[in-house]
Structure formats: C-alpha cells, structure tokens
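Engineer: Please find one structure pasted underneath; my questions will follow.
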Amino acid sequence: MSIITDVYAREVLDSRGNPTLEVEVYTESGAFGRGMVPSGASTGEHEAVELRDGDKSRYLGLGTQKAVDNVNNVIADAIIGFDVRDQQAIDRAMIALDGTPNKGKLGANAILGVSIAVARAAADYLEVPLYTYLGGFNTKVLPTPMMNIINGGSHSDAPIAFQEFMILPVGAPSFKEGLRWGAEVFHALKKILKARGLVTAVGDEGGFAPKFEGTEDGVETIIEAIEAAGYEAGENGIMIGFDCASSEFYDKERKVYDYTKFEGEGAAVRTSAEQIDYLEELVNKYPIITIEDGMDENDWDGWKALTERLGKRVQLVGDDFFVTNTDYLARGIKEGAANSILIKVNQIGTLTETFEAIEMAKEAGYTAVVSHRSGETEDSTIADIAVATNAGQIKTGSLSRTDRIAKYNQLLRIEDQLGEVAVYKGLNSFYNLKK
C-alpha cells in the first residue's frame, strides 16, 4: 500500500518569477506528497547543479523543462515500485542514477523535488506531521528565527556590500512571541525609513533595501528600530546578524575584498587580515551574534584566522563555504574553520544528504542553521526540517512576502501542535559560544 505508483513534475514559478519544479509522488494507498524547489541568487561555486534549459527564447534561458523531463521520464521509472517510507534508499537510487559528483546530469533541482515529495507522501501515508516523520517523536525545539530586514548585496539595489542584516529575538519566551517581536521591529523600521525619506520597497527576501550611508548606518538604524518597538538590543532582547556573502565581492586575482563592487567608488578594499579586523570592529561595537560567510568560500586561511579571532564570541556560519556538503564540512571541522553550517536543501539535493550534514555538524559541536533561498515558493518544508532536527535556528527572510511568511506560519502551527512540549531556546541555540 505504501508503494510508489506515480511520479510527476511540472514547471511552476518561484518568488522572482523564474521557473522552478514542483513534483508530486503518489502511492497505492492514495497517499500523496508534493515538493517545490527553491533557487539561489548568490550561489557557491561548489553547489550541486541547478539544471536550466539555456534556451534564451523561453524564460530568458532559465526554463526547467529538461529537469521536468528528467523527473517524468528517468527518475520516475527508477523509483516507481519503491516503498515511499524508504527515504534513504530512494535518495541513494537517484544519486546513483545521476552518477556525477554535483548532480549535473539529472539536476539537483529534479532530484530534490522528488526527495521532498517522497517524504511528504510518506508522512501522509503514516498520517503524521512531516516534522514527526522526519525526526521522530523527540522533535520539540522551535528555531530562533534570523529575520532579514535589510537586504543588500546581490539581493537588492541598495549600495551596501553585505547581503543581509538580520534580527534575532534571542530573549523571547516562545517562537510565537519572537515572531511578534520581529514583526513589530520590521514595522518600526519602515516608519523610521519613511521619516528619513528612504525607500521602503522590499528586496528578494522581504527586507528593505534603502540607500544607507554604509554598513554602520544600517546597523544603527536597526538598533533604533528595535528600541522604537520597545525592545532591548542585546542578549535579553534582540541581537543582530550579518550575511556578508563575501564571495560576491572578493577579487580572486588581487585577493582582496573589494567593497566598491556594491558600494561604488571610494569604498574600502580590504585584505583578508583587514576584513577580519573590520568584522571584529563591528562585533565590538554592536550586539552581533552571528556572521555568515564573513570570508570568501576559498579563503581557507582567512576562515581559520577569523574563527581563531572571533569563534568563541560569535557564530561563524559557512554557507558558500560549506554548501551543505559533508566533504567541505569535514575539512572545516578538521582545520578549525567556522563553527556553524548553513543548511540549504538545494545546495546538496536530497533530504538524506541534508540530514547527514546536520548530524555531522552537531557531533562536532557546530550549530546548524536551516535556510531558505532568495528564490522561494510557498513550500514550507524547511520549517518542518528545522523542528525535525531540533536545529534551533532558521533563516527564512523578513516579515513580508508570502514566500517567507509561509515558513513562519508553518512554525506557528507546529508550536501549537506541540503544545507544552515545545521548546524555544533563544540565546541558548548558540550553544557553542561563551556566554
């Protein structure tokens, strides 16, 4: 009854109006699962391949008909007949069918869509929530949200090199209250921006993209908004995080961090040592608890030096650096680079490999942050993954745009379903830092 009988993919649109995949999996019993695949704007060079058609006459070359065809005519034939509950076997079969180290033959987007749909169909068959199916009955930790309320870098037209400025309600008593705190700060920030005559249009992830005078101006305006909303900027209230996305402005030939790419003529150009000094200066000055991709994805010496300097005080998250890949994570653990990994399901391409990366991180004392992509859909699977793994942190955008809110609303539902069992750790989610 739990045998897969049909697999079907179609092309749909993501939050940027670009094509992506939606996959449906059906079983003998009538159980059904659907998965939708996100897409990134700033991508690590070591990520699994997102297969696009390349036909410029259709969707500007970004069509996904090849990936759809791979699901309907290649993957479907291979996994029909499998027990939908055997996630690992199905994921391994797809990996073997692809046969490349980066899923470049079938496309990680094709494989991931099936992987998510299979998990959802299995949960439907067993009549349990997805987070329970994926994580068992010890799933109880609601994640501390990283709310990206200022967008810069490749996510907006704002002249700021850092890609994301986030708020984290570490002092909130519950996820529900933390979400409320974040929403109130978001609206306070909008009011402040309007009063300054700055643009309040939002970027890809729902954050504002105003023309600030620089990074410090952005941070200080966020602190002003936190206080205007009635909260404390610090450990007892709301802290701040960055996604520097440094690979986006690292000049490989000159081996410098060239802020002029986003901030224009006269902006800083920093060596690795100067980049670390600058990040430390920001940490000393502001209530910052997490920095993502503070160094370029291939600047291993820089990462190790940054971790040695700040790794006990601040969460140092590897996104482009690790690309949710256990090979890169294992090297980072061995060499003492970073202390946290960003988890993006489409960077690696299957739920099995995603969970392996989270498990490896936790065993090494690294934190794991479950994350969206800038091109999202209404699919809320990452909310369930965050709870299923007791990850303790989620990064899924600002307090606007339905593609972001869908994940927050799913977490509210999960918190309600868990009732008194639900745990919101807040500041304690950063368990590897010295308090």
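Glycine residues also receive a Cβ, built from the backbone N, Cα and C atoms like all the rest.
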Engineer: Report the candidate from K140, K176, K362, K395 that shares the (2R)-2-phosphoglycerate site with Q163, K344, R373, S374, as recorded in Swiss-Prot.
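Structural biologist: Between K140, K176, K362, K395, Swiss-Prot records just one in the (2R)-2-phosphoglycerate site with Q163, K344, R373, S374, namely K395.
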Engineer: Just to be sure I read the record right: D243, D319 are listed as binding Mg(2+) in Swiss-Prot. Which of E213, E216, E220, E292 is listed for the same site?
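Structural biologist: Swiss-Prot names E292 for this Mg(2+) site.
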Engineer: Quick check: with D243, E292, D319 left out, which same-chain residues have Cβ atoms within 8 Å of the centroid of the Mg(2+) site Cβ atoms?
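Structural biologist: Residues close to the Mg(2+) site, other than D243, E292, D319: Q163, E164, F242, C244, A245, I291, D293, V317, D320, L342, K395.
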Engineer: So which one is it: of the binding-site residues Q163, S374, which has the fewest other Cβ atoms within 10 Å?
Structural biologist: S374
Engineer: Whose Cβ, among the recorded positions K344, R373, K395, has more other Cβ atoms within 10 Å than any of the rest?
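Structural biologist: Top count of Cβ atoms within 10 Å goes to K395.
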Engineer: Using a 10 Å cut-off, grab the number of neighbouring Cβ atoms around the Cβ of D319 (Mg(2+) binding site), all chains included.
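Structural biologist: For D319 (Mg(2+) binding site), the count of other Cβ atoms within 10 Å is 30.
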Engineer: Pull out the recorded positions from the set D243, D319, K344 whose C-alpha sits within 10 Å of the C-alpha of Q163 ((2R)-2-phosphoglycerate binding site).
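Structural biologist: Hits: D243.
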Engineer: Restricting the comparison to the recorded positions E205, R373, S374, K395, which residue's C-alpha is spatially nearest the C-alpha of E292 (Mg(2+) binding site)?
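Structural biologist: Of the recorded positions E205, R373, S374, K395, K395 has its Cα closest to that of E292 (Mg(2+) binding site).
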